[in-house]
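Novice: Pasting the feature list from TrEMBL:
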DOMAIN    6-52  domain 'ATP-grasp'
BINDING   17, 50, 51, 52, 106  GTP binding site
SITE      39  site 'Important for substrate specificity'
SITE      107  site 'Important for substrate specificity'
BINDING   203, 217  Mg(2+) binding site
BINDING   268, 325, 326, 327  substrate binding site
């Protein structure tokens with residue numbers, strides 16, 4: 001979401017630059033005047049890194065620009081808004097920029113790195129920091145591991161004063177700045193808990209010549225399982241940059257990832273879905289997608305899943321692989337027959353069902369009169385799916 005992490009940090013009392021988010025060049029100009037700052041930074045808002053070195057199809061180089069003139073802010077916004085920005089992390093056609101952030105530019109005399117992560121080996125949150133910020137932290141970890149500092153947080157006690165002060169000192173903050181940085185660290189931890197984050201990464205956590213500690217740039221990841229109690233946070237999710245099929249699938253609690261093959265996979269459970277993709281590949285086929293139905297399957301979900309799969313023009317065959325533990329195979333079979341009839345399926349369909357109520361499911365499919373190829377195990381199913389394309 002445009003300016004989302006800065007907004008959340010601001011609401012939690014974390015020190016950030018003053019900023020506005022603009023959707024038009026005139027809004028950007030007005031924002032620059034309202035900031036009344038010595039220098040202004042204009043940032044294209046897309047969900048990808050490497051913006052500073054990116055290229056717009058308007059010809060403008062760089063998605064981050066500094067200027068002292070509010071009029072120039074409007075000119076920059078005109079060359080950013082509505083145009084595609086390509087960076088090393090975007091698709092090759094780039095991503096359309098719909099908003100820009102107009103912020104007060106502050107001088108940074110020193111850059112540090114600070115993050116709060118969930119660490120499985122510690123069974124909880126860990127503070128991670130380095131006095132070398134503003135650069136790729138993976139490089140620092142590889143070249144100078146002694147410059148990475150960690151503090152394991154007790155989930156009940158939270159961040160203790162001495163931990164926050166020790167981290168601030170390790171980050172190189174001195175004198176009164178040490179206490180100021182420790183205060184920011186504690187506020188960031190409060191935010192981490194409040195929004196059910198799995199990661200809060202600030203790079204850089206900077207020091208200004210005026211003696212302020214400021215969070216200049218941040219990335220926050222959230223726990224998907226907390227959506228029910230973080231409605232406002234999840235409402236900020238900008239779906240326009242997501243794959244439309246993935247977004248549609250999520251509406252029905254289906255996990256979908258598009259791939260570039262031609263055999264559609266329809267599976268329950270992520271592990272089984274990965275194995276299905278691998279076995280198709282092993283027999284000379286290429287999976288068109290990864291689709292995980294999950295555990296509590298309803299007939300309507302089966303129908304919607306088929307609708308998504310058949311809408312993909314690349315799909316030349318569909319392989320259904322269900323191992324019913326929690327899942328009732330008969331529900332899947334009913335969903336499949338309904339989908340085949342209503343969507344007038346035009347591609348070969350191979351079905352392998354195993355587990356709960358499987359005999360009833362097999363009866364439903366065989367009595368449906370539909371051209372469904374049954375398979376007795378996963379290997380057999382993959383071979384038949386690959387063979388069906390050769391015949392089709």
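Backbone N, Cα and C atoms are what each Cβ position is placed from, and that goes for glycine too.
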Novice: Averaged over the domain 'ATP-grasp' (6-52), what pLDDT does the predicted model reach?
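Specialist: Value for the domain 'ATP-grasp' (6-52), mean pLDDT as a whole number: 92.
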Novice: Under 8 Å Cβ-Cβ from residue 325 (substrate binding site), six or more apart in the same chain: what's there?
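Specialist: Same-chain residues close to residue 325 (substrate binding site) (Cβ under 8 Å, separated by 6 or more) are 355, 356.
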Novice: Max Cα distance spanning 17, 50, 51, 52, 106 (GTP binders), Å?
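Specialist: Largest Cα to Cα distance for the GTP-binding set is 20 Å.
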Novice: Please report how many Å separate the Cα atom of residue 217 (Mg(2+) binding site) from that of residue 17 (GTP binding site), as a whole number.
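Specialist: So the alpha carbons of residue 217 (Mg(2+) binding site) and residue 17 (GTP binding site) sit roughly 9 Å from each other.
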Novice: Might you list, by sequence position, any residue in that chain lying six or more from residue 203 (Mg(2+) binding site) with a Cβ less than 8 Å away from its Cβ?
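Specialist: 113, 114, 115, 133, 134, 137, 217, 218, 219 - these are the non-local Cβ neighbours of residue 203 (Mg(2+) binding site), listed in sequence order.
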Novice: Tell me the Cβ neighbour count for residue 50 (GTP binding site), meaning other Cβ atoms within 10 Å of its Cβ, over all protein chains shown.
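Specialist: Other Cβ atoms found within 10 Å: 13.
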Novice: Excluding near sequence neighbours, so keeping only residues 6 or more apart in the same chain, what lies with its CB under 8 A of residue 106 (GTP binding site)?
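Specialist: Residues satisfying the criterion: 17, 206, 208, 212, 214, 216.
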Novice: Based on Cα distances to residue 326 (substrate binding site), point out the closest of the recorded positions 39, 52, 107.
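Specialist: It is 52, whose Cα lies nearest.
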